[in-house]
Amino acid sequence: MKCFSMIFIKDRSKNAKRESRTAPELRNQSKSDSSALSRTRTSSSSPSPRSIPELYKEKEHNLRVFSFQELRDATHGFNKLLKIGEGGFGGVYKGTISPLNGKGEPVVVAIKKLNTLGLQGHKEWLTEVQFLGVVNHPNLVKLLGYCSVDGERGIHRLLVYEFMPNRSLEDHLFKRTPTLPWKTRLEIMLGAAQGLAYLHEGLEVKVIYRDFKSSNVLLDESFKPKLSDFGLAREGPTGDRTHVSTAVVGTYGYAAPEYVKTGHLTVQSDIWTFGVVLYEILTGRRAVERNRPTSEQKLLDWVKQFPPDSKKFSMIMDPRLRNSYSLSAAQKVGKLADSCLNKKAKERPTMSQVAESLKEAIQESSEVSSSVDKAHLTSSSRNGGRRSK
Ligand SMILES: Nc1ncnc2c1ncn2[C@@H]1O[C@H](COP(=O)(O)OP(=O)(O)OP(=O)(O)O)[C@@H](O)[C@H]1O
Ligand SMILES: [Mg+2]
C-alpha cells in the first residue's frame, strides 16, 4: 500500500507547523530528548471539551517507555527475518519483550520503527502515541508503549503494539488463499464500524481517523478486527464549527472528494472511506488497480455500472467467494456502501447506523446459510445420511 500513501499532500509544512504547537511532551530516555519535544509544547488555554493532548496527560502513565536497547534486543537487532511489514512510516518487526515487573511469560509484540525523522514523521509518531494513549476500545489496536531517544548515537522513534497474528484485511482480501468467507468479511467490517463509531461518537472529543483502508484493519487470532495507524488522526470540529481545515493527506483512491477538493475534514470523510472498503470486500478488488483495463482501474467508477438493485449487481462480486454468499445481504451491503459514498457528505449515515445495517446483513447471511444447512441436512437424511454432492 505504500506506493499510494500520501499522494495528496498540499501545503504539508505549513500544516505541520501549526499542528506541532499543540503537541505535549513525552516521557523520554535521554535529557536531550525533552529539548526536541518541548519545543512543540504549548501553554494555550484549555477549551471544553478537553483536547487529546490534555486527555493524554492523564493517561500517559499507562504507556511503557522502552529504551532503544530493549527493542533492539526484542527484535534481535531488527533482524530481517522478523520483519512483518513495511509501511510509509517504516518497518514493522515481530518482537518479544519481557513483562514490566520481570515476572511471567515474555510478551509477543509488533514494533514499528520510524525510518527517517523528518518533521512529518515525528508529528505522525507523536499523534499516534497521543491518540492511542487515550482511546480504549476492543476494535482499536493497543499501543503498549514507545521509545523516543535523541541521543548522541542517533534519533529513534518506535512504537510497540499488541501483536496481531492474522495480519491485515488487505492481506486476506488480495494476497492470501484461502480467501475470507463472506460472513467473516461482514463481521470484520462490523468490528471496524464499531471502532470508528467509538472514535466519532464515543469520546469526549470527536476523533477523525483519516486513514481507513484495508491494510490498517488488523486481525487477531480469531479474526476480530482492530484499527491501527493513528498517525493521521485529528480531533474533529467542536462547538459551531462544521469542519477542521487540514492539509490533504491520505491514501489515493480512499479519500472523500469534498476533502480532497477543500481540505475540510469532517467525520463524514471517514464514512466515505468506509464505503470504499465495503466495495473492496464485495468485489475482492482494491480501490485502485493500475493493471486493469482503464474503465476498471478505479473501483468506484467500475462498480457504478452495476447498481445494487439491478440484476447486473452479482457480476461485481468477488469470484473467490464462489457464490457462497447471500445475494440479498450483498445487495444490502452494496446499498449501504452507496449511502456512505453519497456526494452530499451530510446525507451519509453515521458510523453507528452503518454498524446497525451490517448487523442486519450478517443476520440475513446467517439465515440463508442456516436454511442452506437445513436443506443440506434434509437431503442427506433422505439419502440415508450419505453426503449429497
Ligand atoms: N500490531 C501489528 N501486529 C501485526 N502486524 C502488524 C501490526 N502493525 C502492522 N503490522 C503489519 O505491518 C504491515 C505494515 O504496516 P504499516 O501500518 O506500517 O503500513 P501499511 O498500513 O501497509 O501502509 P501505510 O504506511 O500506508 O499505512 C501491516 O500491513 C501489517 O501486516
Ligand atoms: Mg498501516
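Cβ atoms here come from the backbone N, Cα and C positions, even for glycine.
Residues or ranges marked as ATP binding site in TrEMBL: LYS113. Sequence annotations record features per position, and here TrEMBL assigns compositional bias 'Basic and acidic residues' to 13-30. Among the features that TrEMBL reports, compositional bias 'Low complexity' is placed at 32-51. Summarising the annotation, TrEMBL assigns domain 'Protein kinase' to 78-362. The region 'Disordered' feature in TrEMBL is assigned to 13-54, 344-389.
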Mean of pLDDT values spanning the domain 'Protein kinase' (78-362): 93
Listed in sequence order, residues with CB under 8 A of the residue listed as 'ATP binding site' and six or more positions away: LEU71, PHE78, GLY90, GLY91, VAL92, TYR93, HIS156, ARG157, LEU158
